[in-house]
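Each remark here refers to the structure printed beneath this line.
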Ligand SMILES: NC(=O)C1=CN([C@@H]2O[C@H](COP(=O)(O)OP(=O)(O)OC[C@H]3O[C@@H](n4cnc5c(N)ncnc54)[C@H](O)[C@@H]3O)[C@@H](O)[C@H]2O)[C@@H](O)CC1
């Protein structure tokens, strides 16, 4: 963003002070919707850098908008002051907005306001908060006032691991400029923010897009371009034959959910390789789906006819399933590996390192750590996934509210869809079914992982608009509607 900032200033003949003005305007536009009462008591805490400069410009713009009780507190714990900060203080001092200089943290302890705007430190943070800065953050967090941060909460680093003992400001809302910070997508960010909104401040988009970055936030238009419509004169053979090796006596539901997701995501044919005890349930619940009984007579030739094979949902970790997984790995065709298949792999390092290229692994945090060891935080976990994806030509779908899809080319696609209403059993089985259906329909492993993850979350988001919780079966039935809508708006 700093490069984009500099590029925009140079190539669009916009001065840095005007860019700051644009950022402040974009902030105020969202702020007005969040805090519509013009009588609200608003305290703005400003630092001495450009984040503080934004805060000063915001104070002036809120005054223009007739917010009647705006008070600015200028934090002067450091010696330097940025040029644009100086310019904005001059502009502000022409108005009647009260400005108090803060030399000691204790003044913040008793601030009386309805809303506090945090513009102390932004993306310029270069070390953890210490001394008075840390004390101010502690006092702000104790105020029980709604806190809205400018660009990033004070003390929160935009990239890299989030400290286990975060000591910065906890914001109710962060209004962030142009692009979300990568750390917003790590679960540990809950220590620093409840939600964030990204506002366009007019940085050069072509330049941003041209910048090399391994981080890609999946967008709806990319998904619309990936998604292939059904073809004229097509038939079931056109859309592949998916196999799910799944289910066990007490976990047959996982196999059914996966198979149902596969069917509804458009695989031409779906077969489940399951124990005899699941046949009645499968035939009753999903008459469209075929069965391949999983017993001692199962020959590996039976696996030749499938265009995609997933293994793991509700499989069980018994010896015979471990042997079957080994045989599947030895077929040397890409696999989709989930749940118990991942558990088996975590005990069979030899198999893990023999996985066929382009296989897709869909672990949640615990499954991932069982495979590759404990990780201190999500940043480190994603680093490992990136490294393993590159080294072994694998795709990792690291499940989380914002799932990270790590590809063999080193890119990490952050999936923006999905929500807490979906946090319930069976969701992972559904995701496996969706991804497998896409592989069966000839999507590359990378595209199937990116697209499948997006569709899964998007279907859940559509359902969550009207529901407190969303079940896995509901997501399955929503998938065809979600796909249709995405194509319709293309
Ligand atoms: N393209 C962009 O990203 C734009 C950024 N703007 C604003 O500029 C901000 C970045 O401004 P700056 O680079 O001036 O940096 P900040 O305002 O975030 O920080 C100011 C200075 O504080 C010092 N500092 C860092 N960590 C500290 C710590 N732990 N304790 C005490 N002092 C510390 C550093 O020397 C830093 O330069 C953004 O967050 C955003 O609010 C906007 O004004 C316009 C456009």
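Placement of Cβ uses the backbone N, Cα and C atoms for every residue, glycine included.
TrEMBL does not curate its annotations; it predicts them automatically.
Proximity of residue 123 ((6S)-NADPHX binding site) to non-local residues of its own chain (separation of 6 or more, Cβ distance below 8 Å) is seen for 1, 2, 51, 151, 152, 158, 181, given in sequence order. Residues or ranges marked as (6S)-NADPHX binding site by TrEMBL: 50-54, 122-128, 133, 151, 254, 314, 364, 429.
All protein chains considered, the CB of residue 118 (K(+) binding site) has 30 other CB atoms within 10 Å. Look at TrEMBL and you will find 51, 118, 154 tagged as K(+) binding site.
Cβ contacts within 10 Å of residue 428 (AMP binding site), excluding its own Cβ and spanning all protein chains shown: 23. The AMP binding site annotation in TrEMBL covers 399, 400, 401, 402, 403, 428.
What TrEMBL lists as domain 'YjeF N-terminal' is 1-209.
The domain 'YjeF C-terminal' annotation in TrEMBL covers 219-486.
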Binding-site residues close to ligand 1 - of 118, 123, 400, 401, 403, only those whose C-beta is under 6 Å away: 123
Entry from the binding-site residues list 53, 314 having the most other CB atoms no farther than 10 A: 53
Remaining residues near the recorded AMP site, that is with C-beta within 8 Å of the centroid of the site residues 399, 400, 401, 402, 403, 428: 364, 398, 404, 415, 418, 453
Greatest inter-residue Cα distance in Å for the AMP-binding set 399, 400, 401, 402, 403, 428: 14
Assigned element (helix, strand, coil) containing residue 118 (K(+) binding site), judged by DSSP: strand
Cβ atoms near residue 401 (AMP binding site) (within 10 Å, other residues, all chains): 17
Secondary-structure category, per DSSP, in which residue 403 (AMP binding site) falls: coil
Spatially closest candidate among 118, 154, 401, 428, the listed binding-site residues, to residue 314 ((6S)-NADPHX binding site) (Cα to Cα): 428
